[in-house]
């Protein structure tokens, strides 16, 4: 009987310790709820623990995050992704941009396809759905990107076209923030990118491909008006968030302030953004920025690093829950 009591006491102590740790882990995210958009009548915001992380440990939480994305294993040349460029230190997830020596091929062996490396952290779970997603981030002071977005893998569907049954593939991407700390390439025909490090850059992409055809990118246009941030994205930490309201509506926020709404294309379906996604936290090179970082540009590790203070996710539940 005494052994049974001891076992029960030990179990109770373990459960109490676990509960206290769990409560502490998400207490900041819970406190942050007051800063979210007002919940619809009859609902309240609660923390979605699967995609919430304060990055206060000594290493990346492998139960929540892949240090190198299994969904997108190689970046856009000339930069690839390296797990060793990802770390957690002093309360931040850090992705450092580096020079590869020697340069690499697609297989990671010596080659000439990649000469730079960034990072691509991805959530382990891929069921992020309607809700609020936000990060507090400071971009690197480089011509490589600092980003926070959601996406999913293509699904196949058969349709009738021209009296024949053909296969189609579709996937979605929800870009909450894509920015760079420095802009060096300015296209006179596309001057919008001149102030890209000062703009709140968000998009929704509906990728679509028919059997025998090419994949097309259907990007929803948000507005002809550029939405500016308070200062350049590499100057300080700011929050970047979105409320994925439903299959047709996404609202975007900067430092808790509403910026704009994007309506994904309904060219192929009435409910384009109805599928769950995973989260991506990525630094990469863009094809339109021709002046990518040099070894000299990346000598300063602090300037070469994108810092993510936290990632927080929330979902709506009926108030009676």
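Using the three backbone atoms N, Cα and C, a Cβ is placed for every residue, glycine included.
Summarising the annotation, Swiss-Prot assigns signal peptide to 1-20.
Look at Swiss-Prot and you will find 31-319 tagged as domain 'GH16', backed by sequence analysis.
Annotation source Swiss-Prot lists substrate binding site at 72, 76, 173, 178, 284, citing similarity to another entry. For residue 173 (substrate binding site), applying a Cβ distance below 8 Å and a minimum sequence separation of six or more within one chain yields 149, 150, 151, 203, 204, 205, 207.
Taken from Swiss-Prot, the feature active site, nucleophile applies to 173, supported by similarity to another entry. Secondary structure at residue 173 (substrate binding site), as computed by DSSP, is strand.
Annotation source Swiss-Prot lists active site, proton donor at 178. Long-range Cβ proximity for residue 178 (substrate binding site), meaning a same-chain Cβ under 8 A and a gap of 6 or more residues, is found for 145, 147, 149, 201, 202, 203.
Using the Cβ center of 72, 76, 173, 178, 284 for substrate, the list of other same-chain residues with Cβ within 8 Å runs, in sequence order, 75, 145, 147, 149, 280, 282. Within the same chain, the residues at least 6 positions away from residue 284 (substrate binding site) whose Cβ sits under 8 Å from its Cβ are 75, 76, 79, 81, 118, 120, 144, 145, 147, listed in sequence order.
For the domain 'GH16' (31-319), the model gives a mean pLDDT of 95.
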